[in-house]
Amino acid sequence: MKVSVVITLAVLGVMFVWASAAELKERGSDQRDSPAWIKSMERIFQSEERECTKFLGGCSEDSECCPHLGCKDVLYYCAWDGTFGK
């Protein structure tokens, strides 16, 4: 019983690899299209300058955090500084 299960799984694995290789050959390699796709999505990968770091965002000093937030010394994130008002 165990041998038949192992043989069945092996055959299914070989069929999967064979079908994947045939599909890749039919469609062509995705690696040729990758650089164009990355260039079109370039703005996503660029870091944006923001006015201030919002709640739980990373920081190195208090001036980077938005109003009423301060930079915590231990994990360096912006958290509420306990103040209220506009």
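Glycine too: its Cβ is placed from the backbone N, Cα and C atoms.
Candidates considered were Cys52, Cys78. The record in Swiss-Prot pairs Cys66 in a disulfide bond with Cys52. Across the structure, Cys59 (disulfide bond) and Cys52 (disulfide bond) are spaced 10 Å apart at their Cα atoms. Counting only the Cα atoms, the space from Cys71 (disulfide bond) to Cys78 (disulfide bond) is about 5 angstrom.
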